[in-house]
Amino acid sequence: MRRSRPRPRPEWLAIGIIAGLTAWRLAWLRWSDLELYVDEAQYWLWGQELAAGAWSKPPMVGWLIRAANEAAGSDAAWVARLPWPLVHGAAALAVMALARRLAGPATGALAGVIYATLPLVSAGSILISTDSPQMLALALFLLAWARAPGLGGAALAGAALSAGLWSKYAMLFPLPGLALAGWIDRHWRRPPAEMLVAAGTALVLFAPNILWNASHDFATLRHTAQNADWQGALHLGHAARFFVEQFAVAGPLTFMALLAGLMRRWPPGLRGLAAIAAAPLVIVVLQAVQSEANANWAAGAYVPGAILMAAWLSPRPRLAVAAVAVNGALALGLPVIGTWAQDWERNGRPVLARYVGNRAAADAVIAAAHGAPLIVASDRAMLAALTWRAKGLALRVRAVPGPRGPVPSHYDLIYPLRTEAGPALWVGAVGSAPPCAQDRRLMTPGPGDLGSRPFETARLEGPCLTPLRR
């Protein structure tokens, strides 16, 4: 009688899939045509500064870009994207470990694969987003909270919570769910002393960002409040749009599995996890009702959510295979699409318009400086491209007020024109140069969002710079 081969353990199969997908994403990055768009170039700048804060978000994303720059010895756009497949690969393993403890090895393996193939994760593995480090930190926080007992485990959870806050303040969104989980599910309860240790550790490690904000007029908090933009009116259509967008963020079948999982009565462990997953979704839906919400603002829901998806899909193997296959096809295809960024057009315009043309537009401005030591601009996208491309040159880039006054941005906060001497090259919207400007020239239109916008350059001598100083 022929002996049957032993079936591979599901965890090893899942680890192989996660490792293979991570390697696939990394391999295609080297051939990607995606340039740094305005937010990504700003994150790159944060990595050059290594400050304890930044205007719009905490600076963890910039620190990881700087680590990649130093490791590769390059500031190329593809190098800035290197950390993110690794970050999400690590997060998938942490999700798998947490799911294994809560629901067993088979569900744990499926949860890791589901997380790794989520459309949100696939996009975040080739584009630069503050969601990516936040999701890894949240996975580690929940893993430490559920698996690491005692004061040491609480300190580890606090350190992970701090890392998430250094990535994005939305790390706070799952915490109301964790509080509810501790009330309804003994698996998520910690003694008061351990909760204090976790909170104290997070506060101490995050204190430098709080101090940075205090010394910069709480710029990040004010920007976050401006983004919330509560208007005192109900916008049910905005909430409905956000809800529909989640089918694209999480994948159609997997998001339906999450909804089904949130409505099911689970045994202890998963019961509390459902509360943690629901909290970011509820918070962002309420935000959308008050104003509006971007599709990715509830990204934290999909770390615990991937486990609920797996727990609901595990008894339904055919549906589980279909769900992973749909998301997996996108996960394999997205890295390849990045190599077509320069050539993929629709109606004569690049489909990925904000990811192309930025380098050429900035290089054209730098060439037009003709040896001037200073370039001044008011447009945030142009300032972002210029600071990225001007690294290593004897050239300073400074922010100046536009036609409607200073534009709130990281550049206006940290790099306003102060005492720098001219002559300077001014670049801005056509017709908005200072009256004293000389040698005005229209820029030649180029590809992409930035390159296609009407800009002009002009020379500013010393006295002409005075009204623009802060």
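Positions of Cβ are set from backbone N, Cα and C atoms, glycine also.
Remember, it's a predicted structure, so these values are computed and weren't measured experimentally.
Copied over from TrEMBL:
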- 12-31: transmembrane segment (TRANSMEM)
- 56-212: domain 'Glycosyltransferase RgtA/B/C/D-like' (DOMAIN)
- 106-128: transmembrane segment (TRANSMEM)
- 135-160: transmembrane segment (TRANSMEM)
- 196-214: transmembrane segment (TRANSMEM)
- 242-263: transmembrane segment (TRANSMEM)
- 270-289: transmembrane segment (TRANSMEM)
- 295-313: transmembrane segment (TRANSMEM)
- 320-341: transmembrane segment (TRANSMEM)
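When each of 135-160, 295-313, 320-341 is scored by its Cβ pairs under 8 Å to the transmembrane segment (242-263), the top-ranked stretch turns out to be 295-313. This prediction places the mean pLDDT of the domain 'Glycosyltransferase RgtA/B/C/D-like' (56-212) at 97. Counted over residue pairs separated by six or more positions, the transmembrane segment (320-341) shares at least 3 Cβ pairs under 8 angstroms with the transmembrane segment (106-128), which defines the two as touching. Two recorded stretches are said to be in contact when at least 3 C-beta pairs lie under 8 angstroms, sequence spacing 6 or more; the transmembrane segment (270-289) and the transmembrane segment (196-214) fall short of this definition.
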